[in-house]
Amino acid sequence: MVTAVIELDGIVKHYGGGASPTVTVLHGVSLRIEPGEFVAIVGASGSGKSTLMHILGCLDRPSAGRYRFAGTDVSQMGSDELAWLRREAFGFVFQGYHLIPTCSARENVEVPALYAGRPTAQRQQRAADLLRRLGLGERLDNRPNQLSGGQQQRVSIARALMNGGRIILADEPTGALDSRSGEEVMALLDELSAQGHTLILITHDREVAARAKRVIEIRDGHIVADSGGQAGEAALPLPDLRDARDAGGASFAGDLLEALRSAWRVMWLNRFRTALTLLGIVIGVASVIVMLAIGLGTKQRVVQQMASLGATIMYVSGDYPPEGGPMGAVTVEDLAAVSELPQVRHAMPVIGNALTVRYGNLSKSLYTFASTEEMPLIHRWPVVQGRFFTAAEDRELAPLVVMGHKAWTYFFPDGESPLGRQLLVGNALFEVIGVLKEKGADSGVEDYDEMLFIPYNAGRARVYKGMTDPDYAVIDAMSPALVKEAEEAMQELLLERHGRKDFGIGNAAAKLQAQAEAQDSMTLMLSLIAAVSLLVGGIGVMNVMLMTVRERTREIGIRVATGARQRDILRQFLSESTLLSLVGGLIGVVIGLSIGTVLLLSGVPVVFSLTACLGAFGCALVTGLVFGYAPARKAARLDPVVALGGE
Ligand code: ADP
Ligand code: MG
């Protein structure tokens, strides 16, 4: 005796339980179906036919009783093996066709092969062949809503045949069709039966049932009549259940591509909703990029300012004490003591004033800066022609002068070398020994270049005869981190030496540093705001995905009925949410960069960072995965029978 395809033994199905009353729909159904049979199950509406078919097709499990498929107890099979059975052994044809509305006829037919992991080209070819065979060669790319009922039912028959369809379960396949289309569908089923497919046809129509070789009548969950049957002569061989255990199902890469394609289509069909959802992510990503770019740009400008002003430089000079009394002075001796402080590298006295300078018949009023040989070092201001004076020359009151760039071009307009020439500074002659690099360009203060530099002692002896003390002093701290500390140490030292606060300290470096730190916390705060908007974007994605799952419940049921595993559904919906947020992220990056460019062109300091762009994009990706997970899991866990019945 051949192994039966299907063997039911005392199958019972209850619904409800718990709060709702228990309804028993099937009361111990036993039957045996041989390979190649054409069986009709007839019964009035509500007699339990569909329930029985869901159990036969492994879409639902019986409450009690045993179901053997090709000799194997189905209750022993895992969910992946049942998915394998649904796609490799069964083919479903439903009264309501159950096609995926967003897919074309051909794509609908391809679905079972997709979950079986068949190669794309082969899949497309076979789907097209099947549709042509069923007379739909012209309709491959039409969507279900562009097809008549009869055509849709033929598409669903093609889908049932896609992976072989050895056992076709048809639940009222002609129920929604006019008589002519119904007749066509029945002729098709007859043909399939003749080719060796096992056919189980469910109907309430006795005329339709009469076309089957065997009729089983069901009433209120009991089998009341069975005309009996035997195996068809040319029955297709049964699937080998051993394959179910090793079947890989859909390949990861192929399935991902397919999932992304369908995700893209769904997004496109709901463009407006998608755009609104994306807004959160777009704003989040764009603002992260713009905020960080502005933060970085501002910081860089501060750093540049510090570099040109000197990040370690302070100024000290005599001042009126707050309690009244004469103005104090910072003496050369004070400076010697200050330069001994561990936080201080140099302490340079300065006397400066505008003096009339003459050379040949040219004369000009120039600011003449008398200081020590440390000037180029402290102000990071190199000499480009000749040299600067030395400490020894300063001590020896040598009458030497180094010219600023503009001072040089004023007196020597042909670009001739000034070295060795004598300038009359005030009433004293000074010999030119060098020219400084042009400074105006990077500091923004052009006057710096209209200056002369002379040794401190020679200056006091020859041009600033009335001055006993320096006008002010420039203090160079050991490092930018030490300026604040150096200022405090100097303040304490001078207070001790003077006994009162008759001096003032200017510390622009510390101010700039504070500004840089404030900028950091500002950037952090703005980035937090951006992160919150990403979060809001994520919630938007979750919301729209939950909506999608609800709207596409039936599609999920169809996919499960055609052999999708839970993980295939999970992957599909996760791909959708990820694609959604990736598109949002991409648009955000583009908008962020555009806003940044506009700001840059209008003079705002902006520095783009690749890390920020990638980071924001990465955040969008993670948002899609995290916020898409719950809806995707909800979809994957849907009960296929409920899903098929849902809207
Ligand atoms: P048929 O397909 O023969 O018209 P069904 O198998 O769809 O009948 O339903 C049989 C009976 O089971 C009906 O009385 C129906 O109300 C009940 N039923 C079906 N599904 C459920 C369910 N999920 N919960 C409770 N009762 C159900
Ligand atoms: Mg029914």
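Cβ atoms here come from the backbone N, Cα and C positions, even for glycine.
Any TrEMBL annotation is an automated prediction that lacks curation.
Here TrEMBL flags 6-245 as domain 'ABC transporter'.
Distant neighbours of the transmembrane segment (275-296): 519-520, 522-523, 526-527, 529-531, 533-541, 543-544, 580-581, 583-585, 587-589, 591-593, 595-596, 599, 604-609, 612-613, 615-617, 619-620, 623; these residues of the same chain sit at least 6 beyond its ends, with a Cβ under 8 Å from one of its Cβ atoms. Per TrEMBL, transmembrane segment is recorded for 275-296 (among others).
Remote same-chain partners of the transmembrane segment (524-546), defined as residues 6 or more beyond its termini with a Cβ less than 8 Å from a stretch Cβ, comprise 273-274, 276-285, 287-288, 291-292, 295, 573, 576-577, 580-581, 584, 616, 619-620, 623-624, 626-628, 630-632, 634. Annotation comment: TrEMBL describes 524-546 (among others) as transmembrane segment.
The annotation transmembrane segment is assigned in TrEMBL to 579-601 (among others). Outside the transmembrane segment (579-601), and at least 6 residues removed from its termini, the chain residues within Cβ reach (under 8 Å) are 260, 263-264, 267, 274, 277-278, 280-290, 293-294, 297, 537-538, 541, 544-545, 608, 613, 616-617, 619-621, 623-624, 627-628.
The transmembrane segment annotation in TrEMBL covers 607-630 (among others). Listed by sequence, the residues of this chain that lie at least six past the ends of the transmembrane segment (607-630) yet keep a Cβ under 8 A from its Cβ atoms are 281, 284-285, 288-289, 292-293, 296-297, 300, 530-531, 534-535, 537-539, 541-542, 545-546, 573-574, 576-582, 584-586, 588-589, 592-593, 596.
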